[in-house]
Each structure stands twice: as structure tokens, then as C-alpha cells.
Ligand code: EPZ
């Protein structure tokens, strides 16, 4: 198991450039299989989830090359409708292969996905969407089997604005006959990014970014070039790190609009924020103010930023109440923060964070991506040395984390084991 060693209490300052969005990339990469020619995705982040997805596509017969941050996906040779379980179990987003394989071949066999350990993550809304489009759906032995003689556009009302279900239904509907209307659709930036890519491929998707998305199926899609949007959650993590260390960091190459819920909370916590064009400068206070927050679908405060925010609030001057409304088990990392001296009580899905003047480095372990981000933020602001075990999990979603942190003044080292 690799670990990250942090010698904390260094005030971060300087510039950090944000990479392409993980959650966009893992939708765009399988979407490229829908084209009849090669697609080129630019600004792809060099993270483990992207590498795993590239391998899955190769196993399905596609040709994939990655040159720095540019990925080319050529679907010629892609002929299998069965996604190999040993790879799909490694990342949650492998469920997007269901929509893609169903659209392309009228059938799909995809193992139930893996991903972060943050509580039950059903996919009933995805399956409801496939059924509405005319697919037969069975789940046997942990494998989802889909079959449709023909996919036909249909209305789909989502019980919750699920990001995954919205994207999966968009993928399946893109080559269906007729129009699909997704109501109560997710509005996250990566839903819009996928719609833009599908449209560049010759698709007809309207309304992405609102809660009603219309997908008019087309007969064929072609390959297209596309640039992945910046990763708002990577940006949020560096913004939190700046606040936690009382630092002064310019987070560059972002879409500031996507970060508004995070910016607003950090201002409440006492950070000074300047933003213009594609950068956000964050100047952290000596100790943050306490703030209350509830995670919500976009444009609410993102669940993926909840964990690093709690690490910031652990050193605040008062009591904060943080409510996690998306996942049952997204506060498990709190026990690790407590090892570092944090005073946090968890009641159900709520964390009551009583700020303390200092955190102290300790050996800690992460079992999910954003929990890892939380421990990094805590380690940066703690006195002494923090060892974070499970660095592979952080590598799933953070590109070159130790290089980027070192460049803004952190003392961090990777130890491979
Ligand atoms: C996406 O997960 C992200 N993953 C998650 O990012 C993120 O936390 C989440 O959206 C919310 O923003 C990717 O984009 C690959 P959902 P997803 O479907 O699509 C329930 C990270 O750290 N639900 O919007 O799985 C579900 O259990 C990660 O980068 C159903 O009940 O999220 C959850 O409570 C982790 N039935 C809520 O909806 C369904 O069919 C939101 O899930 C689908 C979802």
C-alpha cells in the first residue's frame, strides 16, 4: 500500500493548475465508443480511474492511446458487449458501459460497479430509464444484462436527480429512435460536458444543465474532438487546503461558476476570495469561522467537497454542523480526523464539528477518494507528520497530487510499498 507523508503547518502559497474533470472524463471516454470514427479528448486528467477506463475499452476491442493529457479513442475493433468484471469492479463509472453497449449493440452485460465505500449506491434509476426505452433488464449473479431489439425514445421521470442515471440514459437514448425526455435530471457540470460532446459527435441533446433534458436519437454518431472541463472537485480541494493552512493560493484553469457553492461557504468561513476569468485566489484566515452546511445536488454544496470542508472546520473557532444528504456512509473518515485531535461527533448523517486550535499529525488510512482529500487537507494544517495510507485511492481522482502540493509550498512525499 502506498502512503503519502505530510509534514504539516506549512502555509501554502503560489499557483496550482487544475486538471480535467474526473467525473466528466469517465463519462466522455465510454461515450467516445458511440462514434463511428475516432474521438480525441483533450485535457484528460492523468488519474487512475482514467487509466482503468482506458484498459476496459481496450479489453472491449477499441484502440485507445494517451499522449500526455490527450486521449484518442478509436472504436474500430470494438465488438464485445460484455464488460470484464475484474476491471469494472474497480470503478463506479463503469456503469456507463451499460448505456453505451446497449445503444451500440442492443445488448450489454456489465458487472455491478465498484467504487468508493460510501454506503449503498443503488442503480434502480438507471435501470428504470433503460426499461422505459424498451430494454429488457435482468440482474443475475451480480451482472446486469440488458437486451433490446430496438430502443425507442420515451419520457423518464427520475425519482432523484441522479448524475449517473441522467448520463446513462443520455448515452442509451443518443442512438434510440425518437425523443427521450429526462425530467428531474441532474444539472452537474459534467452532465453538460457530456451533452456538448454528444452534440459535437452529431447527437441532438437539448436542455443539459436544466432539470429537463431532451435527447433526439440519431441514426449514427461520428467521432469528434472535445476538451474536458476542469475538475471542480480538485479545485475545491486545493481551495480548502489554502484555507486550512492560512495560505494564499491561486487556483488556475477553472470555471468559476462551477465553484460558486464552495466559494460562498469558504467566504463564510473567513477566506478572502478573488476571482476573475479562469482563476480563483483564496487567502485563508488564521483560523476559519464555523459554518453550517448541507450537501445537495448541483448547484447546492457538493457532497464531494464535504469531507475536505470538515477538515478545514476541524480548526475553526466554533461549532459547525455538517449534514450529508446524499450518502449514508460518507462520514466514516471522521474517526481518522479524531486521531489527529479533531473534536467531531457524528449523529447519523450529521457531523458536529467543534473547532480546536490545533491538529496533530498521525498515521491515518483512507477508504474513499474524498476522505483521502480530507486527510490531506487535515495533514497540511496539522503540526508534525501525517502518514496517509491508501494513497492509491487518492490517485484515483487527484492528478500528481504530491507535485502540485509541493509546488505551492507543502512538504509531502510519496512512499511506494
Ligand atoms: C456521481 O456519482 C459522482 N461520480 C460522485 O462522485 C458524486 O458524489 C455523485 O455523483 C453526486 O454528485 C461520478 O460522476 C462517477 P448519483 P453517482 O447517481 O452518479 C442515489 C467522487 O468522489 N441513487 O447522483 O453514483 C444514490 O445512492 C464521487 O468523485 C439511487 O438511489 O451519484 C445517492 O444517494 C463519489 N438510485 C444519490 O442518489 C439510482 O439509481 C446520488 O447518486 C442512482 C442514485
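Glycine too: its Cβ is placed from the backbone N, Cα and C atoms.
TrEMBL annotations: computationally assigned, not manually curated.
Keep in mind that what you see is a predicted model, and the values were worked out from it rather than measured.
According to TrEMBL, the active site, proton donor annotation covers 116.
Positions annotated as phosphoenolpyruvate binding site by TrEMBL: 22, 23. In the shown protein chains, 27 other C-beta atoms lie within 10 A of the C-beta of residue 22 (phosphoenolpyruvate binding site).
Around the Cβ of residue 123 (UDP-N-acetyl-alpha-D-glucosamine binding site), the number of neighbouring Cβ atoms within 10 Å comes to 20. Annotated UDP-N-acetyl-alpha-D-glucosamine binding site per TrEMBL: 92, 121, 122, 123, 124, 125, 304, 326, in sequence order.
Taken from TrEMBL, the feature domain 'Enolpyruvate transferase' covers 7-405.
Annotated 2-(S-cysteinyl)pyruvic acid O-phosphothioketal per TrEMBL: 116, in sequence order.
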Provide the number of Cβ atoms within 10 Å of the Cβ of residue 304 (UDP-N-acetyl-alpha-D-glucosamine binding site), excluding the reference atom itself. 24
The record lists 92, 121, 122, 123, 124, 125, 304, 326 as binding UDP-N-acetyl-alpha-D-glucosamine. What's the largest Cα to Cα distance among them, in Å, rounded to a whole number? 22
Can you count the other CB atoms that lie within 10 A of the CB of residue 92 (UDP-N-acetyl-alpha-D-glucosamine binding site)? 21
Would you mind ranking the binding-site residues 121, 124, 125, 326 by how many other Cβ atoms sit within 10 Å of each Cβ and giving me the lowest? 124
